[in-house]
Amino acid sequence: MAGAIIENMSTKKLCIVGGILLIFQVIAFLVGGLIAPSPTTAVPYMSVKCIDVRKNHHKTKWLMPWGPNHCEKLKDFDEAVSRQIEANDIVFAVHIPLPSKEMSPWFQFMLFIMQLDIAFKMDNDLKENAEITLDVSLAYRDDTFGDWEEIAHAMEIRKLKCTFGSPKTLESEGRHYDCDFLPFMEIGSVAHKYYLINIRLPVNERKGINVGIGEIKDIRLVGIHQNGGFTKVWFAMKTFLTPSILIIMIWYWRRITMMTRAPVLLEKVIFALGISMTFINIPVEWFSIGFDWTWMLLFGDIRQGIFYAMLLSFWIIFCGEHMMDQNERNRLSGYWKQVGPIAVGSFCLFIFDMCERGVQLKNPFYSIWTTEVGTELAMAFIIVAGICLCLYFLFLCFMVFQVFRNISGKQSSLPAMSKARRLHYEGLIFRFKFLMLITLACAAMTVIFFIVSQVTEGHWKWGDITIQVNSAFFTGIYGMWNLYVFALMFLYAPSHKNYGEDQSNGDLGVSSGEELQLTTTITHVDGPTELYKLARKEAQE
């Protein structure tokens, strides 16, 4: 009777903990779906063709597309031909944002892609594998009457990938090619109110610059930035979750240091996972509101990379430490085959990110995908990282298979055990299966919500209620992994109570060696974990 009562109480406590975590998970999704707006906004910009007839084009002069000091404009290139204006004297100007609007630091970043309107003409056809050279400049100012200050200037080359759906005859002249979007610019902060882009297409027939690129009619840009409302919700979540994970992490490590034994490997890895989660949570983005920190995108990628590397390492060690018949436990060196691919893959992705966003800190117009060498280098890093991920997945599946095989072997011998001993083993097996189920659920939800966010229109409308799917994905998945780390540290924290050998092992008829072998050095005589206290099945005769 006493054993049944204790078992029911333990199950009830575990259900309460799971229910509380589920409520917080639902809240995390609802915050993004109902409160936050869409994560990003795309704004189309049409460039204005300005005339710059100065002899020295390199002298600083910014051409405004509109406003009191706007440039002298061209309607089209036919007007330029009739006025004998050369291509080198034409500047495509784009003002960011649109008239009567301002940019804000809450937008966090700006990403621009370019689309060229190229018309077919018999005497100026687009050559195969043509490349366009862009002389681009970016400037800013914080009031409508101030001088423009240069941010960056670069000569960039982009490959044109265009198709023409009609026969190239005289009847088809004037029709436009269907061209792919081109990467144009990415900047990691929006610290100023107004930005100005001037684009030149320098022509040099002797050097073959901008020759055979067809008849360019217009240049269009699409600017993508983070919504200010979503940024505020995102910052609020980070500010709330940071102390939550930090407090449970301090509590968890304090429980470990209270033990007379040294921390075991799995406890150290869980603590390291908590540190990496806290590293992501710390809302340093608040400083980007007042400072022009263009490196925040790169810094965010590094933080995420550290967390995911720790998470993948934890899964390997978690399975390895639960292999009941494994002799080489509690040593990190025993997992070098499994952790090695994680380290190599993470390093490759870090180098790729440094080659892309690291260079963009100096030149926001740079893209590693615009040259053959850069493309091959980027693909090499990505392929190596993909191979490492596949190897990791194979190692993980093999280890999970081994663990369940060992568990099945123990379960087959459970009927021959005494009732108390059988209930004890069933509780330990339940703990592993419970955490494996939670892990698979978290991974599945991440993949499912990512797919849904890609294939839907971005929002669902139910009557008068609009749910932002993409925002719910970001806030929900972010909250889910925080809750996952929180649950790990809570359930695997050693108990502060001292369970004697007689109570923890003697009454169960289980020798100390058997218990240590099954519980993988987590449940010691110094004190069982919180999960063990919740899920353990005691029976008192």
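Placed from the backbone N, Cα and C atoms, the Cβ positions cover glycine too.
TrEMBL annotations:
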type: DOMAIN; residues: 48-226; note: domain 'Wntless GOLD'
type: DOMAIN; residues: 227-496; note: domain 'Wntless-like transmembrane'
type: TRANSMEM; residues: 233-253; note: transmembrane segment
type: TRANSMEM; residues: 265-284; note: transmembrane segment
type: TRANSMEM; residues: 296-318; note: transmembrane segment
type: TRANSMEM; residues: 339-359; note: transmembrane segment
type: TRANSMEM; residues: 379-407; note: transmembrane segment
type: TRANSMEM; residues: 428-452; note: transmembrane segment
type: TRANSMEM; residues: 472-493; note: transmembrane segment
Can you check how the pLDDT averages out over the domain 'Wntless GOLD' (48-226)? 88
Please identify the stretch among 233-253, 265-284, 472-493 with the greatest number of Cβ pairs below 8 Å relative to the transmembrane segment (296-318). 265-284
How about long-range neighbours of the transmembrane segment (265-284): same chain, 6 or more residues beyond its ends, C-beta under 8 Å? 235, 238-239, 241-242, 245-246, 248-249, 252-253, 256, 296, 299, 303-304, 306-307, 309-311, 313-314, 317-318, 321, 329-332, 481-482, 485, 488-489, 492, 494, 520-522
